[in-house]
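Chemist: Quick one: the structure is below, and I'll ask about it shortly.
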Amino acid sequence: RESDRRAWTPVSYTVTRQNATVQGLIEGKAYFFRIAAENLIGMGPFTETTKEIVIRDPITVPDRPEDLEVKAVTKNSVTLTWNPPKYNGGSDITMYVLESRLIGKDKFHKVTKEKMLDRKYTVEGLKEGDTYEYRVSACNIVGQGKPSFCTKPITCKDEIAPPTLDLDFRDKLIVRVGEAFSLTGRYSGKPAPKVTWLKDDCVLKQDDRIKIQTTPTTLCLGVLKSVREDTGKYCVTVENSTGSRKGFCQVNVVDRPSPPVGPVIFDEVYKDHMVVSWKPPLDDGGSEITNYIIEKKDTHKDLWMPVTSASVKTTCKVPKLLEGREYQIRIYAENLYGISDPLISDEMKAKDRFRVPDAPEQPIIKDVTKDSAVVVWNKPYDGGKPITNYIVEKKETMATRWVRVTKDPIFPGTKFKVPDLLEGCEYEFRVSAENEIGVGDPSPPSKPIFARDPIAKPSPPVNPEAVDKTKNSVDLSWQPPRHDGNGKIIGYLIEYQKVGDEEWKKANLTADSCPETKYKVTGLTEGLTYKFRVKAANAAGESDPAHVPDPVEVKDRLEPPELILDANMAREQHVKAGDTLRLSAVIKGVPFPKVTWKKEDHEVSPKADIEVTGVGSKLEIRNTVHEDGGMYSLTVENPAGSKTVSVKVVVLDKPGPPRNLKVSDVRCDSCYLTWMEPEDDGGSVITNYVVERKDVASAQWVAISSSSKKRSHMAKYLIEGTQYQFRVAAENQFGRGPYVETLKPIKAIDPLHPPGPPKNLHHVDVDKTEVSLAWNRPDRDGGAEITGYLVEYQEDGADEWTKFQTVPMLDCVVTGL
């Protein structure tokens, strides 16, 4: 029963052991218990507990505390924290005991003296450099529990941690002028870091607008009433002895732009419109200029009229003006954040203010020839409008009328080559400039000039040389002079001198007789040696002479023949029948060699066309036939020697007929054909033979083989008794050659043999002058029907047999004996 109640509550009626477990009790309440024994007769008296029993778990010492950690270390102190035990032993914790052990010693010593229930403790008064380990125990009403696990060895020294930085702002920040902004963040580090703020790499200092606030863990930069100059790159640096960290923010303080930059320039002014231009604002307010607003005002009125409010260019056409009125222009710049103050122009009257160009200065004349001259001038003032054309005029000095030298525009160059002058005439030139307003005054006339070529003597010819010679002539060649003296080269004078003489003789009397850069000097004496020189001539005279380097001995030049073969003169030349055969070669030699073509050491066929030129020879045979094949040779010969080349020509054609066609082993249904290859294979390998047969009674040939490569064939499937003809042709890649036929028809029958002897010859009757005979048919008939039996007799003792007669039957009566 509960101690504060009178009623008992049964726990169990059937306990046979001497113990029992009472369940369903309430923790913290006090109970009394009683027990009675029972047998068959009945229940005995109860025995009661002497005092009340309070229900609670049994109390033990607490478990070990958990998570003992070192929170801070300096050179003379250590700060530790821990968590309570998982189980307090059934009784509240009354205090914690913290112990330490100097590394190298055996015993732990109590650090805390008073009762301590806090789970954080700073051990002070330690010696710098010493190393300790710590443990902590929990105590309850029963006593002190197990100590916690030891910390790692801790050396007393100031703790170091690199700076950290956690910013509350992004990389970019846009702020309107007049607004405040702040840059904040958090930082840490050991030892405590130094915080520095910079703007555009310059250190920021606190003033009336700029506020800098730093705590041990937070930092803040505040700017009040921002201005455009606050735009820049801001940087915060957190630095201690272990390192530094930086944070950046690009702050853009935006505003409406400043006014456009003046003055307003009037680029063009007309009676009804103007074109004005200006420069962009010096300060765009930190945002791109999106628009210019242009307005105009008649100075006699106070009203500003819009021109355009949608222009991004710094130039604008102002239309709809009244001629003679004065106007002012004002211009605003606009960005995302507003419109600037205006730029106002000076007053400008609406009227045309341009004129024709001024007259150019006196022109200069250069590079005069007999029919042209180059006129050069300087650009004059353009009258306010760009020059679009120059007009060049000419006149003969004694004439009065000026004439334009061309109808085509002359621009933008300030020089012009005037063509079509008359040689020998004296000319003056003048120039006028033209713009869209009109043509300006002409320049003063140039100094007079005569139209004629400025001519000097030419330079000598270049590289004269003797390129050929005979027994009485020398061929010379050279190149034109490098300078013709500005006059046309009329021709060349050639002179020669016999070695040993002083006098030079002319090979030609006038320069125009040798207009080309070569000449054949004739009439020389064989065997003598000569020097040669050449002069060039123009209208101004003759050039200095150019000498042939070495003296030349006059005699025939001998060079042995040389053959340069064309591709068709390879060792073997194949040509298809019917095509054209071409053989050619380049021939060299001095004197030019004699050319001879031969085939197999004989004259070539009359159908061959042979052509000999000064540089080579060509043989050509059209519509070639097989007989045109063979070994062709080309011989070239002169006094210095000879040379021969040969080429084998193969005319590719159909093969000739096979040879020796024979038929053997004739049977009633087959025969065997053999032949020999053609004498002429057409220049190509025989690929196959075609075999055909024909019944003599038919006009139609029938192919019995068309792909055989052998020179024999078994003709099968003949009809017995029928007469056949056979023919064979050879084929190569160029076609089928002619057929060869059997000489006479072949009859399809088995071969005949004499029959065998009759069998069983015997007499059946005998008379005095005659004998009756009988016999049987022979075993073999020899391949043909037996037509009769020849009966012969012989007198006994005689040598010869006497023929009696031939009978068709198997019996006979021999008479006349």
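Here the Cβ of each residue, glycine as well, is placed from N, Cα and C on the backbone.
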Chemist: In TrEMBL, which of 221-246, 429-454, 455-480 is tagged region 'Disordered'?
Modeler: 455-480
Chemist: Taking helix as H, G and I and strand as E and B in DSSP, count the residues of the domain 'Fibronectin type-III' (359-454) in helix, strand and coil.
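Modeler: DSSP classes over the domain 'Fibronectin type-III' (359-454) add up to 0 helix, 34 strand, 62 coil.
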Chemist: For the domain 'Ig-like' (561-646), what does DSSP give as the number of helix, strand and coil residues?
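Modeler: Summed over the domain 'Ig-like' (561-646), the classes give 6 helix, 53 strand, 27 coil.
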Chemist: Counting each residue once, how many in the domain 'Fibronectin type-III' (64-159) are helix, strand and coil under DSSP?
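Modeler: Helix, strand, coil within the domain 'Fibronectin type-III' (64-159): 0 helix, 42 strand, 54 coil.
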Chemist: Among 1-58, 163-252, 561-646, 757-817, point out the range having the most Cβ pairs under 8 angstroms from the domain 'Fibronectin type-III' (657-751).
Modeler: 561-646
